[in-house]
Amino acid sequence: MINNFIAKQKMVSSFSVCLILVLFIPRAFGSNQINITTVESSSTFRLNNASFAIDGDFSQVIRRCAHTDVKRDITDAWLRLDLGEIYSVKTVKFWYRNDRGSNDRNTIRLRGYSIRVSNDTTLPPPESSCYSDPGNVTLPTIIERDCERTASYVWFYQDKGNGHEVPMLEICEVQVIDCLSGLYGTNCSRHCSQLCKEKRCDISLGTCLSGCEIGYTGNFCNITCPYGRYGDSCQGICNNCLESSTCHHVSGVCASGCNEGYKGEQCNTACTMGEYGRNCENRCGHCHNHEACNRFDGRCRDCETGYQGLRCDNECRSGTYGRNCSETCGACLDGTPCHHIYGHCSFGCSPGWKSTPTCDVPCPPGTFGPNCINKCSGNCLHQATCDKETGKCKACSEGWTNDFCNEKSKEPITDLDKMTLEHLKLDNARISLEMEVLKKESQKITIESSFLKIKDEYLRLKMQSEFQIFTSGDPKISISEKKPGQNVNVDNPESSTPSLQ
């Protein structure tokens, strides 16, 4: 009972000392104790499991401490603490056994130890040590060492015995301190880049530990993804942004749209069947058998019946229809176009053609008009057929007249009975022309005769006035013999003189 009481008093005394030490050891600004849940050791002495080093018991009595084995063949001892993930470690603090009467005896087996770090479970080499004890001084039972490293595991390592004992570790409790998330540097007073993932960075340098936020790169994550890249670790590639423009470095969105053949915010989705062009915003034409057109330019390998063009997006031009628009429309009424696919005439057929859907059957000989419902007169010259549209004849057989040759001619009154009406009309026209020519010739002769008479009179009078030739033997001019232009004196006919007018 007394022994138990003494032991309890020692525990309370030790706990009080530990509490006072914890209260008076200055804690770095912005630091944080890592919650360690897993620990392993190279070996175990009796029931002193490695888990005692993280159970929260600071009593420092050996029965509550992790203790490696003491077998003679042991050459080294280690205690490995799993931090669970990569941390920016600031310091490592631990409580060694304190139940052997003096510090020299308490920590004699600890001399020459080292604290190492790693990112995996392989024993790290000496170069990874953040602290190595020189082994020539007495150590306290509560120790805190700087260990500014980035690591997932913290190791206590001992490979030195004290001359008559194998290397061993007797650690009662361990705390690993890191900077609070987002802090680093002296006293954890500097802020990690806001673009570090989880706001975690190297406790000394400030370089990001877990990579960068999406869209950024570099040791400090202060560089946007290079041209043509985006996303986590800048692994995304801006493939199909319009005219090779880059996408947004974070989201990969192509602000200017997509190249031909692609759609979606990141332009990484090919056009679906029936679409083509920039952003897949165009619809394919009428490709044969409903095949997909080329998603880039919309071209079809072949067209459906009734369509033409590289994209098969144009109906057959007027007057054609069918496959490859190779068929010619029939005689649709008033020249209206036929159906581009079937060739049907929506408004019926022109006169002279049978009323079939495509109006491509002409009236049979001897018929004419709409749907060939009329019959020719049968009196066309030389038994020719009439016009299939109008029913008219080019000329009539003997005894028939008018355009349709369906009216009998009158009885002939002269020997012209063998002449057709057309011949008579031509003869009449010829005679009229000849009479007109004769009339013009007669007028010309009359005009010339008058001119000659005037000219003759003029010459005679001129000669009379110039030479004054009057002889007694000249016959007297009677009034009745008066010539045009001559004045006659009734009382003295001989004195008559020519009158110049």
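Every residue, even glycine, has its Cβ placed from backbone N, Cα and C.
From a predicted model like this one, the values you see are computed outputs, not experimental measurements.
If you check TrEMBL, you get these features:
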- 1-30: signal peptide (SIGNAL)
- 187-222: domain 'EGF-like' (DOMAIN)
- 233-268: domain 'EGF-like' (DOMAIN)
- 279-313: domain 'EGF-like' (DOMAIN)
- 331-373: domain 'EGF-like' (DOMAIN)
- 375-406: domain 'EGF-like' (DOMAIN)
- 475-501: region 'Disordered' (REGION)
- 486-501: compositional bias 'Polar residues' (COMPBIAS)
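Broken down by DSSP into helix, strand and coil, the domain 'EGF-like' (279-313) contains 3 helix, 6 strand, 26 coil. Listed by sequence, the residues of this chain that lie at least six past the ends of the domain 'EGF-like' (187-222) yet keep a Cβ under 8 A from its Cβ atoms are 28-31, 86-90, 148-150, 178-181, 230-234, 248-251. Averaged across the domain 'EGF-like' (279-313), pLDDT in this predicted model comes to 95.
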